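Undergrad: Quick one: the structure is below, and I'll ask about it shortly.
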Amino acid sequence: MFGTATRPGATRALLLGSGELGKEVAIELQRFGIEVIAADRYADAPAMQVAHKAHVLDMLDGAALRALVNEVKPDLIIPELEAIATDTLAALEQEGVKVVPNARATQLTMNREGIRRLAAETLGLPTSPYHFAQSKEEFVAAVDTIGLPCVVKPVMSSSGKGQSVLRDLAKLDESWTHAQEGGRAGRGKVIVEGFVPFEYEITLLTVRAVDGIHFCQPIGHRQEDGDYRESWQPQAMSEQALARSKEVAAKVVEALGGYGLFGVELFIKGDEVWFSEVSPRPHDTGMVTLISQDLSEFALHVRAILGLPVGTITQYGPSASAVVLREGHSQDIRYQGIGEALALVPGAQLRLFGKPEIAGRRRLGVALARAEDCPTAVEQAKAVAARVDVLF
């Protein structure tokens with residue numbers, strides 16, 4: 001049973017994280033009459049602009065997070081990013097507050113060490129070789145063990161922050177410092193990963209719901225500086241690789257438990273599959289589903305966390321997304337050329353996130369297109385994204 005938003009019997013959802021992904025989740029929650037309270041570390045975040053109420057706080061501050069939960073009394077808490085006081089979430093869950101998919105999943109996936117040890121050591125899934133390092137001395141030893149080239153990441157970061165590819169020992173200090181500065185919780189442990197000989201990587205959106213586990217068609221994507229630039233669906237791959245990918249994804253989401261959509265990242269070479277990472281929430285590369293499917297990843301996540309059946313997922317054919325990425329400094333971002341951008345590609349769509357400010361490089365929107373094949377859809381989406389003029 002759901003109540004009506006703003007009424008005494010309202011069903012309330014607290015979004016912890018109010019970026020562009022949270023904004024789409026908020027919209028989908030409101031389709032079921034759910035009252036949405038959006039929280040983030042800064043004011044006027046995208047999801048706050050469509051929520052019933054908004055709160056600004058440091059979500060790594062456990063006392064502040066608990067005070068907010070006590071104030072709004074949510075029926076469910078929906079983590080939408082990694083920088084959260086997960087120990088407090090776990091305690092709240094023990095006290096009867098519903099966290100989706102669950103507090104353990106949020107804890108494990110916030111920290112690369114937790115999810116990597118679960119996948120490789122508990123579930124026995126194939127991954128890249130890895131070592132963790134807490135100190136500079138341990139880092140040097142880990143690089144020596146893994147060998148060059150290797151990938152260095154903070155155990156707590158996202159969107160490529162603090163990540164680097166180390167190819168030369170002369171860059172050892174630089175790589176360590178970059179990882180320390182890029183972690184979400186400040187200085188801390190890093191993971192040193194060996195290269196795997198993959199041909200491409202995919203995101204397999206996997207939904208765990210009351211009516212079982214469901215898979216979206218695989219999503220391919222291109223990354224630059226650790227963050228995605230374009231994504232497309234479906235990614236072409238062998239039947240064996242797809243079947244193996246589903247096996248790996250199902251094992252991971254079953255181990256994490258709870259209901260929701262999980263973005264499972266995998267490396268692929270031929271029929272071989274390696275597990276990379278997982279997020280227990282919608283994935284940025286999955287924004288392509290806003291145009292590629294009848295139920296977007298956000299709609300699927302909301303159905304699952306509300307305990308509703310997913311049913312059948314219909315994919316419309318080759319589709320792509322391309323980000324509107326700009327660099328500058330402003331607290332009054334304006335856009336022009338939107339009509340011209342949409343006119344470039346009949347049927348194309350554009351989402352501007354409404355981010356209140358920019359300081360450096362930031363993702364401000366996404367262009368979406370469908371075509372006869374994925375490469376064409378990618379080029380069309382890129383053309384639409386490039387035509388948008390951003391004024392600072």
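Just so it is clear, glycine is given a Cβ too, placed from its N, Cα and C backbone atoms.
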Undergrad: Which one, Asp144, Asp271, Asp284, is listed by Swiss-Prot in the same N(1)-(5-phospho-beta-D-ribosyl)glycinamide site as Glu20, Leu21, Glu80, Lys355, Arg362, Arg363?
TA: Asp284
Undergrad: Looking only at the domain 'ATP-grasp' (117-306), report the model's average pLDDT.
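TA: Reported value for the domain 'ATP-grasp' (117-306) is a mean pLDDT of 95.
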Undergrad: How many Å separate the Cα atoms of Glu20 (N(1)-(5-phospho-beta-D-ribosyl)glycinamide binding site) and Glu265 (Mg(2+) binding site)?
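TA: The separation of the Cα atoms works out to 20 Å.
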Undergrad: Quick one: what's DSSP say for Phe195 (ATP binding site), helix, strand or coil?
TA: coil
